[in-house]
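One structure is given below, encoded as structure tokens.
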Amino acid sequence: MSTFYQKPFLKLLDFTASELTALLQLAAKLKADKKNGKEEQKLVGKNIALIFEKDSTRTRCSFEVAAYDQGARVTYLGSSGSQIGHKESIKDTARVLGRMFDGIQYRGYGQEIVETLAEYSGVPVWNGLTDEYHPTQLLADLLTMQEHLPGKAFNEMTLVYAGDARNNMGNSMLEAAALTGLDLRLVAPKACWPQAALVAECSAMAKKNGGAITLTEDIASGVKGADFIYTDVWVSMGEPKEKWAERIALLRDYQVNSQMMALTGNPQVKFLHCLPAFHDDETTLGKKMAEEYGLHGGMEVTDEVFESAASIVFDEAENRMHTIKAVMVATLSK
């Protein structure tokens, strides 16, 4: 696709609304072609570097399977398998990898790292997650929403994000709403709201596209009429333990449970989560949370909601691969 050819994919606001629509259409086509055994390989002979300073199941598998489906080869560089930022500057790493690879995925820390890779590598660079943004996740979310509300435009959909909205997911949701005109409600304590400047910028764009962005602490009004309720983990492995109690106390009331789902007044409301989710006591961290804070049966979402018919999280997870494939095909093939 000439519009995207050789361009980086760093954050959603680097693109127009029509470009975002084109990517979603390509993802839907690639998904259908794969399922119908009609996929055409566009990336034969391409070499792709996958830099992971932060581990991930979905992102790594999505990039690898998408690349293999399209005939490309991948090299995985984990946190212990590269010198990036330690013995070699990001700028130098970018220039080395750019001579060997046709595209580079980065999942890690600051947004400035992925931007430096894009500036100096000379090849398309894709943001698999940074501290500030998670654009590939939002592509998967938008495709999933389209699939579950066929025939509805985004500016006719209401998406609620409940929990900690000051993270990369909150930022990328704001950008998605700006481009698509979603009715986006960030339902969170004020301490967990995103930066005001980004909210203002995205709100103005969303309004022009027929949507609205609302920030509220009030759960009942915030979720009323929602088509989708979304949440993410409250604590991550590796965060200082002293932050856990503070975060849980702040967010406990914003757990997605059957009561919150009922408050929407929409019997067809769906549940989204970027995963992994602490919805039971079957993980190391989930067990710790249950034992230390009494969060049995789920932290940010209850097991009841996660395992219910309303949950479309595994459709969403599958769509990571199809949308990531669309990004690679769009940026690496003419």
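The backbone N, Cα and C atoms fix where each Cβ goes, and this holds for glycine too.
Annotated features in Swiss-Prot:
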BINDING   SER56, THR57, ARG58, THR59, GLN83, ARG107, HIS134, PRO135, THR136, GLN137, CYS274, LEU275, ARG320  carbamoyl phosphate binding site
BINDING   ASN168, ASP232, SER236, MET237  L-ornithine binding site
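Features per Swiss-Prot, on structure.
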residue	record	DSSP (3 states)
SER56	carbamoyl phosphate binding site	coil
HIS134	carbamoyl phosphate binding site	coil
ASN168	L-ornithine binding site	helix
ASP232	L-ornithine binding site	coil
CYS274	carbamoyl phosphate binding site	coil
ARG320	carbamoyl phosphate binding site	helix
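Listed in sequence order, the binding-site residues from ARG58, THR136, CYS274, ARG320 having a Cα within 10 Å of the Cα of ASP232 (L-ornithine binding site) are CYS274. Counting other Cβ atoms within 10 Å of each Cβ, the binding-site residues ARG58, HIS134, ARG320 show the lowest value at ARG58. All protein chains included, SER56 (carbamoyl phosphate binding site) registers 16 other Cβ atoms within 10 Å of its own Cβ. Each of the binding-site residues THR136, ASN168, SER236 was scored by the number of other CB atoms within 10 Å of its CB, and the largest score is that of THR136.
Rounded to a whole number, the C-alpha distance linking HIS134 (carbamoyl phosphate binding site) with ASN168 (L-ornithine binding site) is 6 angstrom. Sequence-distant neighbours of CYS274 (carbamoyl phosphate binding site) (same chain, 6+ apart, CB under 8 A from its CB) are HIS134, GLN137, ASP141, MET169, ASP232, GLU316. Ranked by Cα separation from SER236 (L-ornithine binding site), the binding-site residues SER56, ARG58, THR136, ARG320 are led by SER56. The CA atom of SER56 (carbamoyl phosphate binding site) is located 15 Å away from the CA atom of ASN168 (L-ornithine binding site).
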